[in-house]
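As written in Swiss-Prot, here are the features:
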BINDING   SER173, PHE174, THR253, GLY288, ASP290, TRP301, ARG320, ASN351  NAD(+) binding site
BINDING   HIS181, THR356, LYS357, VAL358, ARG359  ATP binding site
COMPBIAS  52-69  compositional bias 'Basic residues'
MOD_RES   SER91  phosphoserine
MOD_RES   SER95  phosphoserine
MOD_RES   SER96  phosphoserine
MOD_RES   SER111  phosphoserine
REGION    1-30  region 'Disordered'
REGION    48-123  region 'Disordered'
Amino acid sequence: MDPTRAPDFKPPSADEELIPPPDPESKIPKSIPIIPYVLADANSSIDAPFNIKRKKKHPKHHHHHHHSRKEGNDKKHQHIPLNQDDFQPLSAEVSSEDDDADFRSKERYGSDSTTESETRGVQKYQIADLEEVPHGIVRQARTLEDYEFPSHRLSKKLLDPNKLPLVIVACGSFSPITYLHLRMFEMALDAISEQTRFEVIGGYYSPVSDNYQKQGLAPSYHRVRMCELACERTSSWLMVDAWESLQPSYTRTAKVLDHFNHEINIKRGGVATVTGEKIGVKIMLLAGGDLIESMGEPNVWADADLHHILGNYGCLIVERTGSDVRSFLLSHDIMYEHRRNILIIKQLIYNDISSTKVRLFIRRAMSVQYLLPNSVIRYIQEHRLYVDQTEPVKQVLGNKE
């Protein structure tokens with residue numbers, strides 16, 4: 001997020017005392033860069049297997065089993081399977097984690113009786129009440145005292161033995177969340193699956209706190225709930241983390257990523273491989289081209305934060321219509337230095353839905369149907385959000401949200 005909107009923002013200076021992260025950098029997993037195969041393997045065979053180092057105590061066995069899984073992967077496009085349990089009514093019998101894992105495994109690698117179209121099709125369901133929580137869903141608290149890190153959709157085990165784990169985090173105002181915010185994760189998932197050696201094990205929305213000074217910002221608990229409504233019935237891998245929104249002051253993006261690293265890698269020890277050994281999870285920031293361009297503006301982002309975000313974590317950049325992120329990447333010294341840890345995602349179908357324009361449509365009593373999920377539209381109507389707000393013409397015309 002734009003640091004200049006912090007209420008206590010001061011332009012960064014070389015004499016500024018740096019606040020160390022909660023955990024030392026040595027606790028951030030050091031994985032391979034995110035760059036595509038074609039660049040990473042310029043001097044090696046593209047088809048060469050990528051093996052995760054394992055302890056010697058694990059004997060090599062089940063070769064035939066792993067070979068059959070690999071064949072299953074080749075036949076199907078890499079994707080995070082749709083968990084149909086999410087669409088069961090509250091009265092449905094709760095399944096065990098073993099049952100869920102078995103279902104996901106069968107869906108991932110295919111079976112004789114189930115086709116891909118049956119497992120990935122659009123699910124039909126009725127929403128009787130916005131506050132009716134679907135089966136297996138965890139919603140966020142409204143206070144830091146009651147806060148718990150959401151991990152109900154975070155994979156506990158890697159499915160592909162030749163890939164490394166990755167979690168995607170999107171920071172933003174999400175006022176309101178739109179279909180573009182949802183599509184960004186799907187575009188990132190496709191790019192990572194096709195171009196990298198990583199396996200996505202979860203994705204998070206992290207809405208900013210109310211201290212982020214921007215007109216048109218609904219109260220944080222409304223924005224968190226809208227994000228939950230947008231993804232809890234439509235996704236099997238996206239979650240909403242309210243930690244940033246519950247902070248009493250503006251939280252820098254670098255600190256937000258440190259929070260996810262602490263929760264996933266420090267507290268939970270990472271994720272298990274197919275052998276049962278736990279390894280660290282790479283965490284990456286998902287951002288639009290406008291956020292990256294703000295990183296090039298003088299006296300906005302501290303150099304130390306940029307090095308920390310791009311060097312220790314990495315960034316997935318979704319290009320907007322008309323933007324040229326690659327040229328900007330070439331001209332920015334710090335971003336160019338960490339270019340191997342940045343993956344640019346090109347929109348094959350351009351989508352320029354913006355929260356700013358959605359708020360404008362609502363103020364003008366215009367339809368926002370098909371711009372954001374129906375559950376979010378209903379929530380906005382029930383709570384009369386954005387109806388009586390005003391925004392500067394410059395902000396509306398800028399349309400970079």
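Placement of Cβ uses the backbone N, Cα and C atoms for every residue, glycine included.
Overlay of Swiss-Prot annotations on the structure.
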| residue | record | DSSP class |
| --- | --- | --- |
| PHE174 | NAD(+) binding site | coil |
| HIS181 | ATP binding site | helix |
| THR253 | NAD(+) binding site | helix |
| GLY288 | NAD(+) binding site | strand |
| ARG320 | NAD(+) binding site | coil |
| ASN351 | NAD(+) binding site | coil |
| THR356 | ATP binding site | helix |
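Those residues noted as binding ATP (HIS181, THR356, LYS357, VAL358, ARG359) have their most widely separated CA atoms at a distance of 15 Å. The shortest Cα-Cα distance from ARG320 (NAD(+) binding site) to any of the binding-site residues (HIS181, THR356, LYS357, VAL358, ARG359) is found for HIS181. In this entry, SER173, PHE174, THR253, GLY288, ASP290, TRP301, ARG320, ASN351 make up the residues listed for NAD(+), with the farthest two CA atoms of the set 27 Å from each other. Checked against ASN351 (NAD(+) binding site), the binding-site residues HIS181, LYS357, VAL358, ARG359 differ in C-alpha distance, with HIS181 being the nearest.
Summary for the binding-site residues HIS181, LYS357, ARG359: the Cβ-based neighbour count within 10 Å is maximal at ARG359. Rounded to a whole number, the C-alpha distance linking ARG359 (ATP binding site) with GLY288 (NAD(+) binding site) is 19 angstrom.
Checking each of the binding-site residues THR253, ASP290, TRP301 against LYS357 (ATP binding site) by C-alpha distance, the shortest gap belongs to ASP290.
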